[in-house]
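Engineer: Once you've had a glance at the structure underneath, I'll fire off some questions.
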Amino acid sequence: MAKHLFTSESVSEGHPDKIADQISDAVLDAILEQDPKARVACETYVKTGMVLVGGEITTSAWVDIEEITRNTVREIGYVHSDMGFDANSCAVLSAIGKQSPDINQGVDRADPLEQGAGDQGLMFGYATNETDVLMPAPITYAHRLVQRQAEVRKNGSLPWLRPDAKSQVTFQYDDGKIVGIDAVVLSTQHSEDIDQKSLQEAVMEEIIKPVLPTEWLNASTKFFINPTGRFVIGGPMGDCGLTGRKIIVDTYGGMARHGGGAFSGKDPSKVDRSAAYAARYVAKNIVAAGLADRCEIQVSYAIGVAEPTSIMVETFGTEKLPTEQLTLLVREFFDLRPYGLIQMLDLLHPIYKETAAYGHFGREHFPWEKTDKAAVLRDAAGLK
C-alpha cells in the first residue's frame, strides 16, 4: 500500500445532533432503570428554544420526559440565553406513542433464546491494532480533542468556551502504518469577549497539544482553529439537531463500513444497536487475540428471526489463519442471536446516555469493549 491520508471528525456533547442523541439515551436509561424489558425507540429534535421528543415506547415505567430533557441540556452546559439555548426556559414537547403490536409479536417469544430481531438490517463491527484501544487513530484523536474542549470548558480553564465544537484530524499512513498527522481542524463556539488570536493560542496550548502525541506532529502539520474567524452563534440556535445524524462519528470515523442504523434512543432489542455492539466485541477480541491486525465483522438479521441471516469476517489480508476458520470460531464462541448477545454483553442496564457523545467504541468500561474471549480464541486457533 502506498502513502495515503485518512481523515475522521468528531463533535462535542454540545453539538445539536449530539444534544438530541443524549436526550434520547437519557430517556432510554430512565426507562430501563425501572423496566429492563421496555421497548424504546426515542427520537429527539432540537432547535432554538425548543426540544421535541417523539417515538414509540412500550413500558410499565413512568418517567418525566421534561425533567430528563432539561437535566440533560443543563449537564451539557446550555444554561443561559447568551449561549443560544437555555435548559431552564426552552419548550419541551412530547409526542410518544406505543410500539406496533405487529412488530412486538415478531420479537417476544415464550423461550427467550428464540427472541426475534426487532427489525431486518445489517451491522458492522471493526477493530485495528493501530491504537491501544484497538480503534482507528483518526476517530480516536478526533474524539479526544472535543472531550478535552469540554473538560477545559467545564473546569473553568477557558471560561469563554461554549458547548458546541467540532474536530477533524487527518493522519498520514505509509504502507498501512501511521507516520504522522497532516492536518488538524478544531472549531469551538465561544463568547463575544475573546479575540481570534487569543482563542487560537489558548486552543493550541490547552486543547490540541495535551491531546495529540508529539511524535506524530511535525513542521508541516497544518492547524485550522476556528478558520471562519467567528463562532458565537452555535448549538441549536445555529443548526437544528436530530437523533441519529452522527452515525460515523459514533462508530469508526469512516474507517469501517456502516449498516446505516443509528444507535441512540433504541433499547437492546433493536439489533441496529445491540448487534453493532456485538460485532465490535467480536472484531476486538479477534484482534486482541492476535488472529488479525484489522478485522471487520458484518452480521445481518430478518425481523422476528433469532439466528443471524449472515456472518462475514473481513481481515484485509492481515489474518493469521484463513477467514473461513475465523468465521467458524465466531459462530462457536459468540452467540449473536438477539437474546444471546443481550446476555453476553449484559445490555439491559441504564448505560446508554454516556455512549451518546465521544463515540460508542474505544472506551474500555463499556461491556462490548472487553477482550475476555481473546485467550480462548487464540487457544482454539492453535496459535502459541
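Heads up, the Cβ atoms here are built off N, Cα and C, so glycines get one too.
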Engineer: Of the candidates Asp174, Asp239, which one does Swiss-Prot list alongside His15, Asp164, Ala165, Lys166, Arg230, Phe231, Arg245, Lys246, Ala262, Lys266 as binding ATP?
Structural biologist: Asp239
Engineer: If I go by Swiss-Prot, the feature region 'Flexible loop' sits on one of 99-109, 363-373. Which?
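Structural biologist: Residues 99-109 are the ones Swiss-Prot records as region 'Flexible loop'.
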Engineer: By CA-CA distance, flag whichever of Glu43, Ala165, Asp239, Lys266 among the binding-site residues is nearest to Asp17 (Mg(2+) binding site).
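Structural biologist: Going through Glu43, Ala165, Asp239, Lys266 one by one, the Cα closest to that of Asp17 (Mg(2+) binding site) is Asp239.
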Engineer: Need one number for the ATP-binding residues His15, Asp164, Ala165, Lys166, Arg230, Phe231, Asp239, Arg245, Lys246, Ala262, Lys266: the maximum pairwise CA distance in Å, whole number please.
Structural biologist: 36
Engineer: Out of Glu43, Glu56, Lys270, the binding-site residues in the record, which is closest to Asp239 (ATP binding site) when you go by Cα distance?
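Structural biologist: Sorting the binding-site residues by distance from Asp239 (ATP binding site), the top entry is Glu43.
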Engineer: If one measures from the C-alpha of Lys270 (L-methionine binding site) to the C-alpha of Ala165 (ATP binding site), what distance in angstrom results, rounded to a whole number?
Structural biologist: 30
Engineer: Using DSSP reduced to three states, classify Lys270 (L-methionine binding site) as helix, strand or coil.
Structural biologist: coil
Engineer: Quick one: Cα separation, Arg230 (ATP binding site) versus Glu43 (K(+) binding site), in Å?
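Structural biologist: So the alpha carbons of Arg230 (ATP binding site) and Glu43 (K(+) binding site) sit roughly 31 Å from each other.
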